[in-house]
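Engineer: Would you mind keeping the following structure in view while I ask a few things?
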Protein chains: 2
Amino acid sequence: MLTEQQKRTFMIAAIEEAKMAKTVGEVPIGAVVVHDGQIIGRGHNMRERFQDVTYHAEMLAITEACEALHSWRLEDCQLFVTLEPCMMCSGAIVNARLEAVYYAAKDPKAGTVDSLYHLLNDDRFNHQVRVESGLMEEACSQLLKQFFRAIRQKRRAAKRLSK
Amino acid sequence: MLTEQQKRTFMIAAIEEAKMAKTVGEVPIGAVVVHDGQIIGRGHNMRERFQDVTYHAEMLAITEACEALHSWRLEDCQLFVTLEPCMMCSGAIVNARLEAVYYAAKDPKAGTVDSLYHLLNDDRFNHQVRVESGLMEEACSQLLKQFFRAIRQKRRAAKRLSK
């Protein structure tokens, strides 16, 4: 089992990934996959840069973790992510048989772990995933809010200039 | 709108992809993405070969289509796939805003389009997808059944030899 200190350390690593997304103008979401107390996969949202709809933070972290373990099964691994996973990422998490998911902020519009569905805990699938939410929620939530606020401000400024 | 002949042609292309998976020992599932009546993305299951849990037929076809259109939005595109999509692929389909999905055989254990959920038609998400199922169902279903029958036969033969 991970200690509270370890959980915090891994969520900070996910936040660092989210910040990397922000610096290149992507929605700041980050994720890491942990195995035996070590980070073996990292990812941040790169959907816009690569114009690939599958390039969510969790997907990229999971792919990197599969490469590290030479296995599509991530049974003893934990995923840390700054925002509640969407349907696609929830599916990848179940398919990879991850042991646990720790997410920070809820996503009421597209989150399928707690908000719209409980897809990680449906016993009709061949795997269920332990979930902990709310770890460093405020920091992750603020990161997203500031990002969208800055975008709105830029748009307003552009409108004023174009008048 | 696609004609019945076009739909059949595109499902045959998806079946050809599924057969490619089979020749390399992968579960035979194939998919194509269509735009303006042309195939712009193809994919077959490659999970075992690359040991990557995200390498489902639909995901690879969607990524190829995004590359072709230089866009993560596949709004005017249709996906043809030999088996009902799982949760991960359903998520990618909604995220990419595909116009329609045509799938052949149902997947009662993991399908999330009709079998376990109706994830492509939940109006709480920002996009819904038109679904048609059953096109060339028997051919796709037989392909999967033959594949798993051959695996069971191989296992039995191996057991007999090891006695």
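Each Cβ is built from the backbone N, Cα and C atoms, and glycine gets one as well.
Annotations in TrEMBL come from automatic prediction, not curation.
Below, the features straight out of TrEMBL:
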| type | residues | note |
| --- | --- | --- |
| DOMAIN | B:5-114 | domain 'CMP/dCMP-type deaminase' |
| BINDING | B:HIS56, B:CYS86, B:CYS89 | Zn(2+) binding site |
| ACT_SITE | B:GLU58 | active site, proton donor |
Engineer: Is it possible to list how many residues within the domain 'CMP/dCMP-type deaminase' (B:5-114) are helical, extended or coil according to DSSP?
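Structural biologist: Summed over the domain 'CMP/dCMP-type deaminase' (B:5-114), the classes give 45 helix, 26 strand, 39 coil.
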Engineer: When neighbour density is defined as the number of other C-beta atoms within 10 angstroms of a residue's C-beta, which of the binding-site residues B:CYS86, B:CYS89 has the lowest density?
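Structural biologist: So among B:CYS86, B:CYS89, the binding-site residues given, the one with the fewest Cβ atoms within 10 Å is B:CYS86.
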Engineer: Pop the Cα-Cα gap between B:CYS89 (Zn(2+) binding site) and the residue listed as 'active site, proton donor' into the table, whole Å please.
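Structural biologist: Answer for this pair: 6 Å between alpha carbons.
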Engineer: Give, as a single whole number between 0 and 100, the mean pLDDT over the domain 'CMP/dCMP-type deaminase' (B:5-114).
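Structural biologist: Value for the domain 'CMP/dCMP-type deaminase' (B:5-114), mean pLDDT as a whole number: 97.
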Engineer: Any idea which of the recorded positions B:HIS56, B:GLU58 has the thinnest Cβ neighbourhood at 10 Å?
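Structural biologist: B:HIS56, out of the recorded positions B:HIS56, B:GLU58, has the fewest neighbouring Cβ atoms within 10 Å.
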